[in-house]
Amino acid sequence: MHLKHGQYADPGLEPAVYNDFMVTDKSDSDTQAAAKSSSTSTFVTALWLNAAVFAAELVIFTILRPRFKSVYEARTITPIASKRVAPMPSGLLSWPLAVWRADYEDIVRVNGMDAYFFVRFLRMIALIFLPIWALSWAVLMPVDAVNTSVAGKAGLDIFILGNIATDKQARYAAHCGLCWVFTFWIFWNIRREMAHFITKRQRFLISPEHARSVQATTVLITGIPAKYLTHDALHSMYSHLPGGVKKIWLNRDLKELPEAYDRRLKACNKLESAENALLKMAAKIRRKQLKKSGAAASPSTPPNNNSDGAVDPLTRPSHDHQELQDTDPEAQIGLAERLVPAGKRPSHRLPAGFMPFALPLIGQKVDSITWAREQLEETNALLAKGRAELDAQGTGPHFAPPALEPGKKEEVSDKDAEKEVQAAHSYPPLNSAFVTFNTQIAAHMAKDTLNHHEPYRMTGRYADVAPQDVIWSNLGMNAYEAKLRMLVSYAATFALIVFWAIPVAFIGVISNVQALCKKESWLAWLCKIPPVVLGLIQGVLPTVLLAVLMMLLPIILRALAKFEGIPKRTGLELSLMTRYFMFLVVHSFLIMSLSSGIIATLPQIIADPSSVPTLLAKNLPQASTFFLTYILLQGLTGTAGGFLMAVTLLLHYIKLTLLGSTPRSIYGLKYGASSVAWGTLFPGTTLLVVIGLGYSIIAPVINGLVCVCFLFFYMLYKYLFLWVLEQPASADTGGLFFPKAINHIFVGLYVQQVLLAALFFLAAKGKPTPIPEGALMVVLILVTAIFQGMINNSYGPLLHSLPLSLVDRIEARPLEVPAEQRGAGGKGGVEMEREQRGVQPAWERAQQEEYSTGASASQAPMDAKIAAEKAHYGKNANAAGTGDGRPYPFQGNDREEHQQQQAHAYPPSSPQDSNGDEDEQDMKQPEEHDYGFAHPAASRPQRTVWIARDSLGLGAEEARANRERGIDVSLADAEMDGTGKVVIAGPPPDEESRA
């Protein structure tokens, strides 16, 4: 979800730049007038218009909020209990007070550290600008406006630095003095917030929820030399660290397996869609048959009974069809064939030849269900064969070397060495590996220490890596190639920043085509087209093109970051944040400010080139009026639009109607909460900070608007992150976007100080000369640079690493288990703690099962676990029923049947897995614990095909047919009524463990 002030930051600026300043056939005086920033009347109009829109949107939001909780309180109705939050008060007018009183500290629990620090950043900026607003309005506005004036200045222009006459330049001392005061006030806030950030982040890192996770104890290492690409070599290297190594995951070139994995997922999607389309078609045909025969059942008659109470063979549930097949010859024909003619079954076309996608009327037409089943059978067999080979060679996801004492070197037999050679032949290792340690501090030490004695060897080390965050395609990159790619990537980024003005300027030309067609003879034909068409070309087309252009920019920048070889998706967002911010500052702020000052004075510059410095000093501040209207737009209309979410509300129900054809798609549309992309949201926000700081002294009116704007943003995002949005846990960096945002504040300070110094020096011809003020600004620039260096130097090393001084405070440290309480195997420390608390990874449990005495010990807790989950989902189904308090009419054995099948497909749990709260924490991240850091193609099972149960019994019949071919299918928590409408009462079967 990209809200207005993040999404439209740049598009809102660019049209004004190129529309206002295109060369036309007007006179010089008219051109100069058109080039100036928005007038006072324009600002007042914008203020009233945005205020009216703000009020109207908030009124509509207040009315709609209680009625559309799936949009405005999405986190309160999700079927997954661990993601659910308490609802807002039900009163119509209670939400403003509820949002104001809500503690933003709760965002950490609901949406993680990144969301928390974003909201805290908004709060910090509002608090920074509050005293700046008061002082600047009390001091600078009278200094700029009272008893001084410059010809042509009126309205808001009298409150800018450029309104000080040349004989009153002693007043510049006030601007210089307050700039120093404001800068040190900002320094104090930055120092305080960075101290809070480090403390909060370190508490997060050592918290039990994080410290005990596989993510916290695993390090990704890239650029590993061939000599160390074995379990033995890596284990020997890292076994000297505290606690030793728990497991090593070598990344391998899996060749055909990733492609087969993608094909299988595509086939699952196709089969799920086709099966539910078949059920819908069967229901439609059945309705027509009943209508035609006049035998439509009355409301009191069950849909699967005839008028005499006998069960209709066509509507008998599928579990009765086996008995039918023994007595009724017609039952030998499949139920699907009897209900749906072959010509009406779901079908699609395959891509023709080398084409990557299919086109209508081109390519072979196939039955979708048959094709998907064949694809699943083929890919399942291919993946099973590859995984069996990996497991046989000791390199699969469930392989774990014997545990060793810390510091003891692993002894590898000739047989083990032969397995390594075979693995290298079949699936050769890439130059990267995941190393999981027994302790969190060992992982951080492995990341921070020098790992190899040769240049560019094992230099890429990444801690706190989540399996879902890994970009698998970037794990095999050579270190030298990665460096070269980084240079190319940033060179392309800078080139993009420089040359991006070309397509934007072309859009500006289109917006002024009517004037150009009169001026340029080769465009004269455009003046002859109908006025309506010309209006569309000049008014609508530029806006659409610019919006598309701005949508493409983050995609291009993100692709450049991926090309660089960054191995984490969160790393891509961090890199995108830097690149996108540079672009916005250059194009949306600097070019806008400079072009406004230059173009506004262009006729006078041509007449008297020697007057350039003086004219720029007087006219450069005038661009501030445009930024005033822009901040008004973001703070009022943007904030209210973020609350209302009109487009989201409209699309939500349109998508449910048009795209809600399967249980999974309906669940995603109804309960799939939106998230934000930090790489674009943060830069759009910090750009406003740069604008505010850049003009805080030159045009103090902007300070009040920025303060109110960020106060509204704070309220908006506190509401969104507490009740609406959902950030994936795997995408959380622990707040690492916040220090980057702090450095963006320094950019605003530099812009402010450089701009003031330039204006003071450019006004040197006046009396008295402001040269001393300019010199003081140069000194302030140096002071700011020194302070920034101190902040980065003092806090930089603490951003990513866990210091040794916190080891004794880690709440997840191994338990001190007395010798008499240890098991027969002498287990203690991490092993004992994990077993007692139920956070033992599945691959470790599977290894221990080889030494268990039988299945009965583990089957009992599994049965209890299934029963508990069944009870939990039964409660959820009742809670999310038909809307009037009645539960959905689902048969209770559907989910139990599916869970019993899954119990045999996965490694059994240890007896300790039934321990209450810790077991719930373990279930929040099943992929980490069950599959570790094995590539999805080498570990993940087939995604469950979710089909709805229907009154005709066709869904159950299709599920049975799929299971006979080895395809995992579930009918749980989804039912299709007689009209073909699908109703769900729980999450998808493959997400149930996250409840």
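Every residue, even glycine, has its Cβ placed from backbone N, Cα and C.
What TrEMBL says about this protein:
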{"type": "COMPBIAS", "residues": "406-422", "note": "compositional bias 'Basic and acidic residues'"}
{"type": "COMPBIAS", "residues": "849-859", "note": "compositional bias 'Polar residues'"}
{"type": "COMPBIAS", "residues": "922-932", "note": "compositional bias 'Basic and acidic residues'"}
{"type": "DOMAIN", "residues": "43-193", "note": "domain 'CSC1/OSCA1-like N-terminal transmembrane'"}
{"type": "DOMAIN", "residues": "217-393", "note": "domain 'CSC1/OSCA1-like cytosolic'"}
{"type": "DOMAIN", "residues": "419-474", "note": "domain 'CSC1/OSCA1-like cytosolic'"}
{"type": "DOMAIN", "residues": "486-760", "note": "domain 'CSC1/OSCA1-like 7TM region'"}
{"type": "DOMAIN", "residues": "920-990", "note": "domain '10TM putative phosphate transporter extracellular tail'"}
{"type": "REGION", "residues": "289-327", "note": "region 'Disordered'"}
{"type": "REGION", "residues": "392-422", "note": "region 'Disordered'"}
{"type": "REGION", "residues": "817-861", "note": "region 'Disordered'"}
{"type": "REGION", "residues": "876-944", "note": "region 'Disordered'"}
{"type": "TRANSMEM", "residues": "46-64", "note": "transmembrane segment"}
{"type": "TRANSMEM", "residues": "121-140", "note": "transmembrane segment"}
{"type": "TRANSMEM", "residues": "172-190", "note": "transmembrane segment"}
{"type": "TRANSMEM", "residues": "487-513", "note": "transmembrane segment"}
{"type": "TRANSMEM", "residues": "533-560", "note": "transmembrane segment"}
{"type": "TRANSMEM", "residues": "581-607", "note": "transmembrane segment"}
{"type": "TRANSMEM", "residues": "627-654", "note": "transmembrane segment"}
{"type": "TRANSMEM", "residues": "675-695", "note": "transmembrane segment"}
{"type": "TRANSMEM", "residues": "701-720", "note": "transmembrane segment"}
{"type": "TRANSMEM", "residues": "741-762", "note": "transmembrane segment"}
{"type": "TRANSMEM", "residues": "774-791", "note": "transmembrane segment"}
**Study point:** Averaged pLDDT, computed only over the residues in the domain 'CSC1/OSCA1-like cytosolic' (217-393)
**Key:** 80
Practice item. Kindly report the helix/strand/coil residue split of the domain '10TM putative phosphate transporter extracellular tail' (920-990) according to DSSP, in that order. Key: 27 helix, 12 strand, 32 coil
Check your understanding: Near the transmembrane segment (172-190), which same-chain residues lie under 8 Å Cβ to Cβ, leaving out any that are not at least 6 residues past its ends?
Key -> 124, 127-128, 131-132, 135-136, 139-140, 143, 161, 164, 693, 696-698, 742, 745, 749, 752-753, 756, 760, 763, 770, 773, 776-777, 780, 783-784, 787, 791
Review point. How about the transmembrane segment (701-720) and the transmembrane segment (627-654): at least 3 CB pairs under 8 Å, pairs 6 or more apart in sequence, or not?
Key: yes
Revision key, fill the gap. Stretch winning on C-beta pairs under 8 A with the transmembrane segment (741-762) (pool: 487-513, 627-654, 675-695, 774-791) is 675-695
Practice item. Take the transmembrane segment (675-695) and find every residue of the same chain, 6 or more past its ends, with a Cβ under 8 Å from one of its Cβ atoms. Key: 1-3, 5-7, 9-10, 114, 118, 121-122, 125, 129, 186, 554, 558, 572-577, 580-581, 584-585, 588-589, 593, 621, 624, 627, 630-631, 634, 702-703, 706, 709-710, 713, 725-728, 731, 737, 740-741, 744-745, 747-749, 751-752, 755
